[in-house]
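Student: Pulled these features from TrEMBL for this protein:
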- 27-39: compositional bias 'Basic and acidic residues' (COMPBIAS)
- 27-113: region 'Disordered' (REGION)
- 61-72: compositional bias 'Polar residues' (COMPBIAS)
- 75-94: compositional bias 'Basic and acidic residues' (COMPBIAS)
- 289-324: domain 'EF-hand' (DOMAIN)
């Protein structure tokens, strides 16, 4: 607890400086000058006088250039540094400093087939201390299903990563077979390297996409048209536009008429990963927990232990899966892609 209190006191001092700058100049957002944020490579403004001068220069540009506003610049910086969304209405007086994050780097051997043994199991152990406050409190820690990090629900709330609607999900699923993914693993944009991130940012800026905003169907189609024309130097065909509209529907399952920023960002990050990285490089992105899940699923389907999943084994797995779901729900509506691992259709 002493560690936690000392960390909070340090953050409170930083927050006072940030609030003072925000009050001095409307729209100016001071970056927290903690050591951890500095190690993450985030941009910093220098002295208070320099920050005020920058704010005056931004204000003189006028509201006709929203991409040049301080709020927009801060949003692009958060996107580049992988720090997520920080809404204006969030209570900064009671928050922790976001932990440092360094984007991954490509290695020379990434495109080679990874050495993943089927017989040799991997021992997966969760961290002992909360990723945010670095305090150990045993049963009250919630593990991530993808990585080894663990969290306090209170720390997640103070970070702004756990709202009222998602608190139930964490408490009910974190210790189940389904599991819960933390804000690191839930943000697929963090899988991009710095070079890949800059490439995506250039595309978004060229298409006049404002970060941290929702996109309507017209916005999404306009973006897709610009990207297609930039890449292929010809207009998008009608069939491709229909495909883009289907992508929008998949990203808006609740039919709200718009897609959230983090859903759009994850979708575009996946598209970029598929475009720039071969399959072997994508396999190397799997964590130890994900490899163990895949290994367990494969061994469960490979009933004769010959290292292959045959047609008969695949058919039995599909039959067992459908019987299980018929008992759980009276509905037989199954989407393509809901099939169990290894049951992707008849050869």
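Quick reminder: no glycine exception, Cβ is built from N, Cα and C everywhere.
I'd like to know what surrounds each of these features in this structure.
Tutor: Sorting each residue of the domain 'EF-hand' (289-324) by its DSSP state yields 27 helix, 0 strand, 9 coil.
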Student: If you average per-residue pLDDT over the domain 'EF-hand' (289-324), what number do you get?
Tutor: 85
